[in-house]
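> First, the structure itself, so that you have it in front of you.
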Amino acid sequence: MRTTDTAAPGASAGAAPPDGARPVRAHDEVEIRAERLDGIPRTFPLLMLVLLGILAASLVGSLFVGALPNTFAEVWTRLPEAVPAGLRGEVPGTGDDQLSVIIATLRLPRGILAVLVGLALGAAGAVVQGHTRNALADPGLFGLTSGAAFAVVLVIFLGITRDPYGYVWAALAGCAAVTVLVFALSSTGPIVASPLSLVLAGAALSALFGNVTTILTLSDREAMRELAKWAAGSVAGRGVEVILATGGFMLLGLVLAQAQAKPLNLLALGERTAAALGLNVTAHRVLGLATVSLLGGGATAAAGPIGFIGLAAPHIVRGFTGPDYRLVVPASAVTGGFLALWADMIGRVVVRPGELQMGIVMALAGAPFFIMLIKRGRVNAL
């Protein structure tokens, strides 16, 4: 009699399991799937809520930090009146209480703006690194910072405006123009907006606008002074008007960045593999460039060029998120918010009663961070 290895239909359901093995039941698969939500660890949403709560607490804590050495009680008693007034862009009460005015018009707006800038730069860094597959990439790689600086110097040189709020719109226009140019230059080859062509186009435009900016500033001392103040990178003195002007761009960019998380996972496999899996690579490259422009352009327009955040935030979070961009993008954004807010707070107190700009604090933190990466051997994974 010939035997067969094929079991009869339904036999597996009632067959005894091998020795020492537990029968596999239907609810086991449910339990396994419950450990991960569509591939995302079940604990990750809770972790993000905790991090956002800590970030919100840090924002409240920033209201207690400033050049004036106020006590906790002095600040705490003024928060119920100062915070609502600050959110409305108004002066609390009659404006006679100096501390309330400082909290409402200076500390609260700069704290909110620092968080927004950090969120934007952290997410932008993750998106740039995903699209270029370059772990050393940051938003400045596409020439956004140089384009913004050129636009600011140009309006000063031509006498169009000397208003800091005018610089915001000039910087936004400069970032938008560079984005269009980068895409145009990177689309001239056989592959539209490939990672290499994007990087080369960004580097070329960055060098061009950087040199032209230097020429303009050397020929105009006033432009040099204004650029020096703007290029240091700071949220000090930025009011609600700046938040309203740039916040929408950054928030839209954050939504688009998270929407690209799954496509970035496919692009990490290579363009050909991603295309074979049904991804429109060109469309997502264009969307990625627009997203980085919204995030990096909005942040640069609001606070000036801030380095290191977009580069470091994705590196910091990959240690516990892994390479999945559905986790990397939101975690990088929140980490960027922490970095920017704490850099601003440190800058307020380290040379009190003066201040160090956020950009300077982040630049000083950059070297120790990468030395630490080298010491731990993580640089080999770049």
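Cβ atoms are placed via backbone N, Cα and C, with glycine included.
Bear in mind that TrEMBL entries carry predicted annotations, made automatically and left uncurated.
Keep in mind it's a predicted model, so treat the numbers as computed, not measured.
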> When you get a sec, could you say which of 1-25, 76-100 is annotated region 'Disordered' by TrEMBL?
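Matching range for region 'Disordered': 1-25.
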> Quickly jot the same-chain residues contacting the transmembrane segment (167-186) by Cβ under 8 Å, restricted to those at least six beyond its ends, or write none.
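Result: 142-144, 146-152, 154-155, 160-161, 192-194, 197-198, 200-202, 204-205, 209, 226, 230, 242, 245-246, 249, 286, 289-290, 292-293, 296-298, 300-302.
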> Which residues of the chain, 6 or more past the ends of the transmembrane segment (140-160), have a CB below 8 A from one of its CBs?
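Hits for the transmembrane segment (140-160): 128, 132, 134, 166-167, 170-175, 177-179, 181-182, 198-199, 201-210, 212-213, 216-217, 219-220, 222-223, 226-227, 230-231, 289, 292-293, 296-297, 300-301, 305, 307, 310.
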> Looking at 111-128, 198-218, 239-259, 325-343, 355-374, which one has the highest count of Cβ pairs under 8 angstroms to the transmembrane segment (46-68)?
325-343
> Can you work out whether the transmembrane segment (325-343) touches the transmembrane segment (111-128), with the criterion being 3+ CB pairs under 8 Å where the paired residues are 6 or more apart along the chain?
yes
